[in-house]
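J.: This is the structure I want to talk about, given as structure tokens.
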Amino acid sequence: MLFGQGTFKEEFILFSIRLPRILILTLAGAALAMAGAVLQSVTRNDLADPGIIGINSGAGVGITVFYLFAGSKIQHFNYVLPVIAFIGGLLTAICIYFFSFEKGKGIQPVKLVLIGVGFASALSGLMILMISSAERQDVAFISEWLAGSIWGTDWPFIVALFPWLMICIPIIYFKANVLNLLTLSEPTAIGLGVNINKERSILLVVAVALAAAAVSVTGRIGFIGLMGPHFAKRLVGPKHQSFLVITPFIGAILLVLADILAQIIFSSAAVPTGIVVAIIGAPYFLYLLRK
């Protein structure tokens, strides 16, 4: 098939269905894992994840509002979707950062998770409220998004998502040493010459951009940003110059495997990929919480 020897049906299935879906899952998994790695370092909280602390839900509110206006024409705006999701996610991240920050102490890790979980629940409720009086097809789309159904699996969505990774991931690699310093206490980092507010702001925007771009085409996917960095650190150690190299690959593998499980094990029930990720990720989150 790769060399034009397959039938039309085989080529259609490969190039129009299978390959775009795999590429979307790969890009989204890499983006979510890198976003999680940055958030964990910036907040000094190993439990930080774009889904757990509400950033994905903020992006979802933006997409919901946009969808209620655009309706079925939303697929014509695939290049705009990551931007809409980014705005919603960034506003949410700013609010969470503001409420979890204490003057003289900086960000409080436990407070950040609690506030983030609260924001995630509130924003999910807001999305449900917004679609309660919407048309049936609108309700179906938002429900699928909330469940993490991979809906944007055409080539235009790949083109829309790819530039965000190409811009944001090199910035993260460039800031690897800064991320090492941000994991230290604030007085130590300041003493070593780090402009904490500036660096945190830049990295927070980058993390939100990656997470928002990913969930704009996959739906609300959680725990990839939690598991990816942790697995990478277990393999090569906690130094950012090392584990950031393999983090996007682990994130991509996790999301692709979850999608395969959803299609093989739960083929008759049509379980969304996000549900499978949650089934795998939630126990790991509880394990980390008890450590």
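Note: Cβ is positioned from N, Cα and C throughout, glycine not excepted.
What you see is a predicted model, and the numbers here were worked out from it, not measured in a lab.
I grabbed these lines from TrEMBL:
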{"type": "TRANSMEM", "residues": "21-39", "note": "transmembrane segment"}
{"type": "TRANSMEM", "residues": "51-70", "note": "transmembrane segment"}
{"type": "TRANSMEM", "residues": "77-100", "note": "transmembrane segment"}
{"type": "TRANSMEM", "residues": "112-134", "note": "transmembrane segment"}
{"type": "TRANSMEM", "residues": "155-174", "note": "transmembrane segment"}
{"type": "TRANSMEM", "residues": "202-223", "note": "transmembrane segment"}
{"type": "TRANSMEM", "residues": "243-265", "note": "transmembrane segment"}
{"type": "TRANSMEM", "residues": "271-289", "note": "transmembrane segment"}
J.: Rank 77-100, 155-174, 243-265 by Cβ pairs under 8 Å to the transmembrane segment (112-134) and hand me the top one.
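T.: Against the transmembrane segment (112-134), the leading stretch is 77-100.
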J.: Give residue numbers and ranges for long-range contacts of the transmembrane segment (202-223): same chain, 6 or more residues beyond its ends, CB-CB under 8 A.
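T.: Sequence-remote neighbours of the transmembrane segment (202-223) are 24-25, 27-29, 31-32, 34-36, 38-39, 41-42, 49-52, 55-57, 59-60, 62-63, 78, 81-82, 84-86, 88-90, 93, 97, 144-152, 157, 160-161, 164-165, 167-169, 171-172, 175, 178-179, 182, 255, 272-274, 277-278, 280-282, 284-285.
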J.: Could you name the stretch, out of 21-39, 51-70, 77-100, 155-174, 271-289, with the greatest number of CB pairs under 8 A to the transmembrane segment (243-265)?
T.: 21-39
